[in-house]
Amino acid sequence: MSNMRSLSFDAIIIGGGGAGLRAALELAKSGKKTAVLSKVFPTRSHTVSAQGGITCAIASSDPQDDWRWHMYDTVKGGDYIADQDAAEYMCSEGPKAVFELEHMGLPFSRFDNGRIYQRPFGGQSKNFGEGGQAARTCAAADRTGHALLHTLYQNNLKNNTTFLNEWYAVDLVKNANGDVVGCIAMDIETGEVVHVKSKATVLATGGAGRIYASTTNALINTGDGIGMALRAGFPMQDMEMWQFHPTGIYGAGTLVTEGCRGEGGYLVNKDGERFMERYAPNAKDLAGRDVVARSMVMEILEGRGCGEHGDHVFLKLDHLGDDVLGKRLPGIVELSKTFAHVDPAQEPIPVVPTCHYMMGGIPTNVHGQAIMMDADGNDQIVNGLFACGEAACVSVHGANRLGGNSLLDLVVFGRAAGMFIEGALNEGIEYLDASESDIESAMKRMTRWNESEGGETVPELKRALQSIMQNSFGVFREEENMQKGVGQLAELRERIANAYLPDKTNAFNTARVEALELDNLMEVAEATAIAALERKESRGAHSRYDYPDRDDVNWLKHSLYFPTEKKVGKRDVNFAPKTVDTFEPKVRTY
Amino acid sequence: MSTLQVSIYRYNPETDSAPYMQEFQVDTQGRDIMVLDVLHLMKEQDNGLAFRRSCREGVCGSDGMNMNGKNGLACITPLSDVVKNGKLVLRPLPGLPVIRDLVVDMGLFYKQYERIQPYLQNDTPAPAIERLQSPEDRDKLDGLYECILCACCSTSCPSFWWNPEKFVGPAGLLQSYRFLADSRDTATDERLAELEDPFSVFRCRGIMNCVAVCPKGLNPTRAIGKIREMLLANAT
Amino acid sequence: MVTNITNFGRSGLSDWLIQRFSAVVLALYTLFIVAYLLFNPGLDYATWSGLFAQTWMRIFSLLAFVSLAAHAWVGLWTVTTDYLKPTGIRIGVQTVIILAIFVFLVWGIQILWGA
């Protein structure tokens, strides 16, 4: 391996989405030698698909709005396993981060008084759930993610951030002490494999929705950071918590923003009944996403689904009028015409709950430092490793994320990680260099694929994985089916370990990238499956037929999946915010 | 009639001395799927086929390509929109160097984007909250900020083909006007000064291929016209 | 800003204005000549030369010739920069164009004002 080229940075940020770009911006401004390494050109990252907005108490639609109310909603939305210190940090720092985005040029929609437009989203309330529906989601029409991602990329250009675009991070490099000191990465265009040395390695690799057959996620959402961290032996938190978005377009899986319901749209069953009134009498269609998704599945299972097979419901928007559709939801009109062949001004959109977001991920503190557990069960910082965005589990989303909180998570914690790393670099970081054998072990799976000589190919194995996850770990789960799924995954892991990469050329070999991604999907799927089997209760997005109730006695905890032993442990949820009283767990109704 | 005949541009610099067109028979089961779905089916036949893709819903701009002679995004182009006589011809975006198969080197395109300083510039101190902007001023950004940098427009523009180093191209100019039109941007004069030469803006001949192909329905020609008006107003 | 340019003004805006202004002049001139020919079906040499003997017509024609020269230069310069990539050939062709335009312009003026 000694002929491998190496690059050195103060900080390397893996992933060019919202979180990665926000962290990079902070570091670029500080003058640290930073690079963003992204497998796609940054504006192709999945943040670009976020539609509805970024939820934040900037007190625009309601001058009395308070970040504490937002925090309450977030904690309640997360079914009380969101860490309250983290939710406090996100909600209180949020306005600063959003105003910064506006100053950077993000083209937010506006109210008549010139302030940022805010729309109602699910799970939002005023006065700690007592004051009715809030409108707290700051929006740029229904293209907020696109506007945000482009703004961040543009400001990184302005600040001369170094980009390694279309580079693929293969695995983390750990030194003899277990510190993360960089990664192995491949320049996709040339196929050159490079050792990237870094004092801080930030995983901002986003989600992994592609473990499911039906997902709103981009094709690139393959959990690369999660896979890398798991292979390096680090634990994952709350991996059983997958959000199914109520409104994915039936058949295509593309997202229809919750903002549609925020603007006044609602769901109907085959009888034309607005069924959410039965399941959530107060919030109706704007209950938490887990609640709405479950209600939809109930309607379908009880025979009130729409269409020939009764397997979806309708999202009705035609009553909103051309003005709202054209001004506030233009992207949705476009998407429904393309993917559902429906003009929402005339007809309802067929929708079905679709895998959307990974609440779990790499456990971190509010500074983005990755956390593992020592032998006595105490938190221990992983030197050199950071995570932010969807790949991280801070945890602000707990068991169910509120709409609009993901974009806020990206910018608040991307920024926080950047600021912390800057400080740490100023104080000086020295880790032991990686040895030849450390580098070689990070090269192992790359070498495996490159030397493969026959066996099953990637597309069929990926399909098998997605179908296992879809069938055994969907909206509703139960023991026997999950046991079966875990067994199938173990088998699949063997098959993947012997799979074949036919194309071994170097120039822009997308087949090799997809093979490497498959390993990561496998890691994420297995962590999800084993954690889901272990959590014997229903909480947030994790609903079990066999354990229909929340079990605060045993499970008011994070799950922690340890990859080496493939065992699940528990980690305490933080109930100690610094400036507000703890929100005690209550029965969660909307 | 469920098989589609696809002819696709192939080139792998390591194994091919020259590019060639390869024929595929793709079983679409008679469905009106997207061109991107067809590419995925082809990739199952030939693992080595290279193309970019990400969001598969027309917002990331990865899969711009030339389909039966017209640029567009494969993920939001249904076969019924593009197939003629049961045949589909797929080529990389024209005018940019090919790296492999449908993957082109977008370097020149991005360089022109960076050249117009695609970021808000405002030399007044930022307020504690957001900068206010009236809905009317914000409306001026509609049809501009939605660009996804897919390069369909610039690579269909003859002026960009002939002068890719000097003519900014429709995508870059649309973004340039996005900042010129932003009531919060104060660098108007500097921006205009950068565009006044005979190439950057004025090489636009109003051919309007950009408008015809933009998958987001944007109108770079109109934006270029507005920049010309601003240059004129500024000079007289 | 693109600064490696071989046209005279180095300003796209002035080139653009020249093209528009000269095009208007040429359009008017063409319209006038066409209309004149239509309204004078049995046109003979005396009438034709009488027209060009008048000062306003000479000025109008001169304006049209200068416009044509400018229009041709800006247009052909653009075409050469589009299609002729080797610098030597491009400069050579541009030199020929300049010379030709110059000769035609002088010749036109001579016809108009001479004799």
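Using the three backbone atoms N, Cα and C, a Cβ is placed for every residue, glycine included.
All annotation found in TrEMBL is predicted automatically rather than curated by experts.
Taken from TrEMBL, the feature transmembrane segment covers C:21-39 (among others).
The transmembrane segment annotation in TrEMBL covers C:59-79 (among others). Only residues 6 or more beyond the boundaries of the transmembrane segment (C:59-79), in the same chain, are considered here, and those with a CB under 8 A from a CB of the stretch are 6-8, 15, 18-19, 21-23, 25-26, 29, 32, 52, 94, 97-98, 101-102, 104-105, 108-109, 112-113.
Residues annotated as heme binding site in TrEMBL: C:H71. DSSP assigns C:H71 (heme binding site) to a helix.
Summarising the annotation, TrEMBL assigns ubiquinone binding site to C:Y83. For C:Y83 (ubiquinone binding site), no same-chain residue lying six or more positions away in sequence has a CB closer than 8 A to its CB. In the three-state DSSP assignment, the secondary structure recorded for C:Y83 (ubiquinone binding site) is helix.
For the transmembrane segment (C:91-113), the list of distant contacts is 6, 52, 58, 61-62, 65-66, 69, 72-73, 76-77, 80, 84: same-chain residues at least six beyond its ends, Cβ to Cβ under 8 Å. The transmembrane segment feature in TrEMBL is assigned to C:91-113 (among others).
Taking the Cβ of C:H71 (heme binding site) as reference, residues of its chain lying under 8 Å away and at least six apart in sequence are, in sequence order, C:I18, C:Q19, C:S22, C:A23, C:L26.
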